């Protein structure tokens, strides 16, 4: 993207007139004036708070009382004497590891089927996208709570097929599953991105490979997946970052229960900070979350050189 | 060979129709359930035997001292302010990044890209203490001011989306305007902004949707019922009512997704473009 900017700029310099205007118009002040809202916002509402919360994490701070420096005590307590931290971290990891792959796989499979169905594609796309349009709202969380309740419609539906119902939301072993299902139900927006990516793959690749006798399975692993891998990579990272911060549905549908089986990390953070006003302790929790998210992102980008393929690459599957 | 060619698309369509129905069934059931009597709420049928329109009228007035009219006015007022703030700030910033040269531009641009991935929850505590000290708790300022500074729910995404779009606007237009004596602001306002209209619509849509669903933010900063947004009001009747009034609760929840649905129905083109070009999530 920067490359194209410079080439346009260079071509502009070539003519004498515009070189005059370049010197006159490209004053650094104008640039900074234009980006100043973002720059002030970044410094005051992102960078400064980030360091502020790092500082808080080494203190006792309850909003009302003066800040008291306590060194690494918050972190020591979190890692040695906080069963709720262990529980909420476990729940969140389970949620991330289950919901992200399921959502991406569903999105990819349906996108592949849909990329071939030419007639009616806009109808299917609308139907499948709609849940992700509304899925993050309180309204849908309340709907979910009703559907999967003991008297809910889900039990009636499986009863038709002879399965015995249960309180899906009130049983510790299935409650998180219903929340994961709610997330996977919203795979539509990811699917739309994959669908756009699939359309970009040149048809010649498939034609040439089928002339060479490649099977559908081979084509999928050797053409579709590699060509789609940059999009998959981007979506994987954004889905992981989003899943780590899951809050609304756990808060509204199950309120962390039963028996803390859906007590996600963000809920614990919220409780410490805004029910007990332990801002120092909660900031330490927040920084641990940040480190976990950064570590996950780095891990994914480290592995990306083995599976993400860019068209500008020459030759084989693996890059240097 | 010919039979497989005919059967495959048919099978694919059958599968897709069934699959789409499964995806949409909860919503269709929801519409029916909002009109159901509490005794038949568990029934899988989409159609209520006797539509209970009172679910809507009673639900609308189920918060003592208020009606949902108040909550919708609050939410739309907040949305309006936030959208205006976003459009003002994000377009200026995006124009600066896309068109002007200034020292450290690439550095700031990479910072912008990094903030795209910034987990917002890490910032809620320090931001809360800042806004608390400024006396902004229980006002709408913690939503409006960050958006005015190209931040808030999705701010960096919007800037990025607009930068990508403005880069596609031919530079020759700028050059000729400069020769005619147009200032940078003039180029921004008279040339680039009108051409960036599709991107501006996309930003408006997503700004609306993400703020509508910004439940955690509303929960943190809005305390008094007379400032409640629709989401907070729904949560309140969910917490306070017994299981008897599920019909009303589902009716009010259903109404709360109507604005997003209307926006989607009328502006679908911009949705798909916005999602597909930037990988924004819906």
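Cβ atoms here come from the backbone N, Cα and C positions, even for glycine.
Curation plays no part in TrEMBL annotations; they are all automatic predictions.
Over in TrEMBL, the protein carries these features:
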- B:12-31: transmembrane segment (TRANSMEM)
- B:71-95: transmembrane segment (TRANSMEM)
- B:72-267: domain 'ABC transmembrane type-1' (DOMAIN)
- B:107-128: transmembrane segment (TRANSMEM)
- B:140-166: transmembrane segment (TRANSMEM)
- B:187-212: transmembrane segment (TRANSMEM)
- B:246-267: transmembrane segment (TRANSMEM)
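Ranked by number of Cβ pairs under 8 Å to the transmembrane segment (B:187-212), the listed stretches B:12-31, B:71-95, B:107-128, B:246-267 are led by B:71-95. If you look at the transmembrane segment (B:71-95), the same-chain residues 6 or more away from its ends with a CB under 8 A from one of its CBs are 63, 140, 143-145, 147-150, 152, 155, 158-163, 165-166, 188, 192-193, 196, 200, 203-204, 207-208, 211-212, 227-233. Through the fold, the transmembrane segment (B:12-31) approaches residues 44, 46, 250, 253-254 of its own chain, all at least 6 residues removed from its boundaries and within a Cβ separation under 8 Å.
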